[in-house]
Every structure is written in structure tokens, then in C-alpha cells.
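The structure under discussion appears below in the form of C-alpha cells.
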Amino acid sequence: MPPSPRLVVGNWKMHGLREQSGRLARAVAEGAQSLPDDVRLVLCPPFTQLASVHGIINAEGPATPLRLGAQDCHTTSSGPHTGDISAEMLADLGVRYVILGHSERRQAHGETDVLIRQKVEAAEAAGLIPIVCIGETTQERLEGRTTTVLATQVEGSLTDGFTGILAYEPVWAIGSGTIPPIDELERTLSLLHGLLQSRLKTDDIRVPILYGGSVTPAQAPTIFSIGSLGGVLVGSASLEAESFLRIAEAASFRLTSQPLSGPYRS
């Protein structure tokens with residue numbers, strides 16, 4: 001069985017007006033044409049740019065490795081929720097993936113594991129692929145509580161039959177310019193695999209695990225030396241086409257010796 005494509009997800013956060021977003025998406029689309037076929041890119045622009053970015057991706061045709069993602073969704077499909085957007089609305093726009101539980105939303109918006117799980121349920125019901133973010137803070141890491149924190153987040157944020165994507169983003173690494181030592185990251189990925197087995201009650205885990213937190217072109221080869229890694233969630237480096245595409249090039253399994261096996265939805 002050929003390896004599943006690695007995902008390189010660009011989280012644009014609250015950046016980009018129409019002209020800038022269009023220019024960035026077109027540059028990524030052009031560069032993506034020469035990427036190996038074992039790499040898939042997901043662009044997650046602000047809500048206001050979803051339709052225009054979708055048009056750019058659509059124009060590339062069915063063979064493009066580009067997919068459209070969003071940065072959040074509501075727990076319900078419709079209703080009196082001023083300023084919110086539902087998973088059904090995102091799907092209607094051509095969105096395929098949705099980031100949920102990002103640490104910036106957990107902290108700034110007080111999102112709990114319970115709320116995130118409800119959003120996951122809504123995303124799954126709408127046919128979207130949820131990318132659920134988890135990770136420990138600096139204080140939790142210093143106190144030696146990383147395992148407990150991650151176990152709690154996996155248990156509380158995922159649905160019983162979860163078939164989406166898990167993104168490990170240590171909060172202390174986001175925007176810091178540093179990543180965990182590679183041996184520590186390998187241990188954490190192994191821990192997460194075990195937590196998924198426990199949560200989903202199966203040894204046959206088909207949930208890709210992404211890494212996020214200061215993912216840069218310089219760090220990418222080191223990160224992707226972990227062959228079992230399902231991909232990366234990229235923040236600021238996704239706002240420049242050149243840096244984002246360099247990360248995508250490093251993601252190819254042709255540069256690693258232990259490809260991720262098993263199918264997952266894309």
C-alpha cells in the first residue's frame with residue numbers, strides 16, 4: 001500500500017485582504033504543481049477569503065494537491081448565533097478541512113474540550129475533516145504535566161469514532177522560533193498514538209498526527225525526519241508562498257525512510 005500523502009496545512013489566522021490573499025493563493029497553486037504526489041497542501045484563510053481562495057484552487061483542476069480549510073466552526077448547523085459560521089456553511093463554500101481547538105481559541109475564547117468535541121461532531125456531520133489541536137503550555141511542561149494534559153485533551157476533544165486529524169502544537173513553541181528536541185517529539189508522538197488507541201478503543205489507528213509550533217523551512221527537514229509524522233500545521237511561514245512551498249518540499253516521503261501507512265480521508 002502506498003503511503004498516505006503528508007499534509008502541510010497553512011493557518012493564515014487573521015491575515016489577508018482580498019488582493020494579498022489572492023496573490024498568495026495563486027503563488028502557492030503555481031508552486032504546488034511541481035510538488036511530489038505524496039504531499040497535500042491545505043490553505044486555511046480567514047472566513048472572508050474562503051470563496052475567493054476556493055475559486056483559485058478550483059481553477060487548478062482535480063489533479064491539484066491543494067485543498068481548502070477553515071479555522072473554526074460553530075457547534076450547530078444554524079440558528080441565532082451572531083457572528084458565527086456553521087460547518088454546513090463551510091462545506092457549502094467548498095471547504096474540506098476545519099481547524100478546531102487551536103490554543104489561541106482555547107485561551108482567548110475560553111474554549112473547553114467539551115465545546116471542541118461538539119464542534120468536531122458538527123464538522124463530521126457536515127462531511128468536513130476536523131483538524132483538532134492539542135498541546136501543553138510552558139507552565140504545564142515545566143510542572144511535568146504534559147502527559148496528563150494531552151491525555152485529557154484527547155479524551156475530551158475527540159468523538160468516539162473520530163476519523164479526522166490530530167495536531168500536536170505545544171503552546172510554548174508557537175511563535176518562539178524553537179521546536180522540541182527531536183527525541184522528545186518522537187516520544188510525544190508515540191504517546192499520542194497510544195492515547196488514540198485508548199480513546200478510540202482500537203490498535204488500528206488511522207488518525208494522522210501533525211506537528212505545529214514554529215514550523216519553518218529551516219526546521220522542516222528535522223521535523224520530517226520522523227517518518228511516521230502525518231504532516232505539519234504551519235502558522236506565520238504559510239503567509240509567504242516561498243517559505244510554505246519549501247516546507248511542502250521537505251514533507252515528501254522520498255526524503256524519509258519510514259512512510260506513514262494506511263488510508264485516511266483527504
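Easy rule for this one: first residue shown is 1, then count along the chain.
Placement of Cβ uses the backbone N, Cα and C atoms for every residue, glycine included.
When other Cβ atoms within 10 Å of the Cβ of His102 (active site, electrophile) are tallied across all protein chains shown, the result is 28. The active site, electrophile annotation in TrEMBL covers His102.
Taking all protein chains in view, 25 other C-beta atoms sit within 10 angstroms of the C-beta of Glu169 (active site, proton acceptor). According to TrEMBL, the active site, proton acceptor annotation covers Glu169.
Residues or ranges marked as substrate binding site by TrEMBL: Asn11, Trp12, Lys13, Gly175, Ser214. Counting every protein chain shown, 17 other Cβ atoms lie within 10 Å of the Cβ of Lys13 (substrate binding site).
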Neighbouring recorded positions, C-alpha within 10 angstroms of Glu169 (active site, proton acceptor) - of Lys13, His102, Gly175: His102
Ser214 (substrate binding site) versus His102 (active site, electrophile) - Cα distance in angstrom: 14
Neighbour tally for Asn11 (substrate binding site), based on other Cβ positions within 10 Å of its Cβ: 25
